[in-house]
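Remarks on the structure that follows.
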C-alpha cells in the first residue's frame, strides 16, 4: 500500500486546545483567542532548535543572525569620550536643601519631577529606620573613625541640642493612657462595645468609595467645618496622600464660615495655610462666598496639567461638612442631593463643572479614632434620630457653648445641670408625656439638631487667639527690696532680689516674650491671607470675647482690595465705552465735566457705604433687627424730604436757582437735535415694538367668531369684497 503524501497545513487541526485557532466554538465561544494572539503567545514560549552538537540550527525571531566571532561595530559618538554625569557633594547638598524647602511649601509645585534626580532626595528620608537596630546593621567602627564607610552618619539629630529637644518633645507628648506596651493588671473590667451607629463612615464600602475618588482625581479637596477645623481633619488621609500619592494636590476648603466670626475664619485660614492651600467658603446658591476664588484656583490647577485633556477634583471629608453643598454652589444649581443629616451621599458621583474640570462627590469618611461617643455626635457624624439616649450628650453641649448664647436661644435664664435644663425646655416648648412629665428624649434630640445645624453659636478658637495682655506691674515687695540693697552696698552692683519675687519676674518676662513672639508670628501669617472676609454674612449673633474689633491693618487691606475692584470695574467700563461709542468727539466735549462729576459722586458714595459697613462690623456687639432698622432710618429720610419740599414751596433760594438753571440746561440739551441711534439700539427698539404673543395681528385684521367686530379695513379685505360683488352680479 502506498504511503499517503504529507498535505501540510491545508488540513484542519481537530484538537480543542486553546492554542488551536481552528478549534470549534463551544457554548462560551465569544471570547476565544484569535490567530494573532496565539502566534504571539507561541513566540514567547518557543525555543531555538539545536542539533546533537549543540549548534543552533533555527534561531528565534528576535535572536541575532550574526555568526559567532564576528566583530560588532560600535556607533561613533563623542559621548564615549566625554565626562560621565557627576555632581559635587556640596551642590548635591544644596539641591537637597532647596528641594526640601520647595516640597514643604504648600504654595509651590514642582512641574517636571521626571527630569530631576528625586531619588537622591527620597533616599535620605527613611521613616522605617526608627524601628531598625542601627548598631546591628551599621557598627560604630564602620560609621565613625578612620575605617568609616559612610560620608554622612544616619542620625535623626544633627547635634546634642536637637537630640535634647527631641527627647523633651517625646516626654511631653507621652500619654500613659495610650501606651499599650505597659503591663497592667487584669481587673476583669471590660469596656462596652460601641453601638453600630457610632461607627458610621468607617465601613469597608465607604472606604472603598474614598479610594476610588482619590485614585481618579488629580486634585483632592478636603472640606472642613469652620466651627471645628482640627476636629474634622483626617490626618490618616493626609499622610496617605503625602507618602503614597505625592503627585496629587491637596487643598483645604473651610466651609460654613458664616457660622463663625470673621476674625476666627481669617486666623484659621492663616493657620491651615501653613500645611496646605486653604480657602474660606460659604456654600449657598443665593449668596455664596469664595466661589470665584475657588473656581480660579481650579483653573490654575487645570493650567498646570496641560498634558491632560481634563482634570478631576475629588471632594472628601467628614460627614455633614457640606461637600455636596460646595459642588452645588460651584454649579449654581442642585446637582447633588443635600440634607442637614449625615450619610445623604451614598456613592461617588461625577459632575461636570467646565469643559476641562470635573468634580467628584464622595460619601463622608471617618477614620477610627479614640473620640468618645459624645465627640462623634457633636461632630455631626451620627443622625440624631438614631441615637437611643440623646439626653446623655446635652451636658457636653452646655459645657462647650457659652451660657449666654444658650439662654438667648432657648429663653431659659438659669439651670443647675443638663437634666434641669432639659426639663425647663420641655415645659417651655410643651414636650410633655402623660401625667405632665417632661419628654427628655425629644427635647434632647431638638437641642442636638440645633447644635448640628448651627443654631447654637459655637466655634473653636484658633491658636494664639487671646488678646494682648498689658504688662503687669511688678509686686511692691520686689520693688522695695532693690533700693534697700543699694543703700546697704552702694559700691556693689545689685545682682539679687527677693528669692521668689525674682523667679516670678523672670517667669513673667519669659511668658511675655514668648507671647509677643507668637503674636508677631501670627501677624506675619495673617498678612499672607488675601481673601476679603468682610463680605461674609455671619448669621449667629456673637458677643463679648468672641467679637474682636477690626484692626487697622485689616481695614487698610479691605480698602485696598475695594479700590482695586473699583479700578477694575472702571477699566471695564472704559473699554466698553470705547468699543460701543460711535459718536464724534466734538459732541462729548460739553458732557465730559458732568460725567467726571457724576463718576466722582458715585465713587464717594461707594466709599461712604464701605466705611459704614466697617463701622457696623467694628461695633457689631449691638445688633438691631432688620425691620426695626428700616423703620428707624426711614423716618429721618421722610422728614428730610418734607423739609426740602416746604423750602421749595416757600421761596426760591440759591439752591432753587441752581436747580432751575440745571433744569433749563437739560431742556436745552433735550431740544437739540437727537443723536443718531446705533444699529444695536435700533434693533432693540424694533424688538420692543414687536408683539410677543403669537397671532395677535391676525385678530386685529380678521373677525373670527365675532371677536373683533370693529376690524380694521385693509386693502386685501376690500379687494376680496369687490371680487365677491362681481361674482354675484355674474350669477
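Cβ from N, Cα, C; glycine included.
For 317, 318, 319, 320, 321, 322, 323, 324, 361, 362, 363, 364, 365, the entry in Swiss-Prot reads GTP binding site, with the evidence type sequence analysis. For 10-22, the entry in Swiss-Prot reads compositional bias 'Polar residues'. Taken from Swiss-Prot, the feature compositional bias 'Acidic residues' applies to 555-589. Here Swiss-Prot flags 630-652, 662-671 as compositional bias 'Basic and acidic residues'. Feature annotation from Swiss-Prot assigns compositional bias 'Basic residues' to 681-695, 721-731. Marked as domain 'CP-type G' by Swiss-Prot: 207-368. Summarising the annotation, Swiss-Prot assigns N-acetylmethionine to 1 and lists a large-scale study or a structure entry as the type of evidence. Per Swiss-Prot, phosphoserine is recorded for 504, and the stated evidence type is similarity to another entry. Look at Swiss-Prot and you will find 1-33, 481-502, 555-594, 630-731 tagged as region 'Disordered'.
In this structure, residue 321 (GTP binding site) belongs to neither helix nor strand by DSSP; it is coil. Ranked by how many other Cβ atoms sit within 10 Å of their Cβ, the binding-site residues 321, 365 place 365 at the bottom. The record assigns 317, 318, 319, 320, 321, 322, 323, 324, 361, 362, 363, 364, 365 to the GTP binding site, and the maximum Cα to Cα distance across that set is 14 Å. In sequence order, 201, 206, 209, 210, 319, 343, 345, 346, 347, 348 are the residues of the chain that are 6 or more apart from residue 363 (GTP binding site) and have a CB within less than 8 Å of its CB. Same-chain residues that are not part of 317, 318, 319, 320, 321, 322, 323, 324, 361, 362, 363, 364, 365 yet have a Cβ within 8 Å of the Cβ center of the GTP site turn out to be 223, 315, 316, 345.
In three-state terms derived from DSSP, residue 363 (GTP binding site) belongs to neither a helical nor a strand segment and is classed as coil. Model confidence over the domain 'CP-type G' (207-368) is summarised by a mean pLDDT of 91. Within 10 Å of the C-beta atom of residue 317 (GTP binding site) sit 25 other C-beta atoms, taking all shown protein chains into account. Counting residues per DSSP class in helix, strand and coil order gives 9 helix, 0 strand, 6 coil for the compositional bias 'Basic residues' (681-695). Cβ contacts within 10 Å of residue 361 (GTP binding site), excluding its own Cβ and spanning all protein chains shown: 23.
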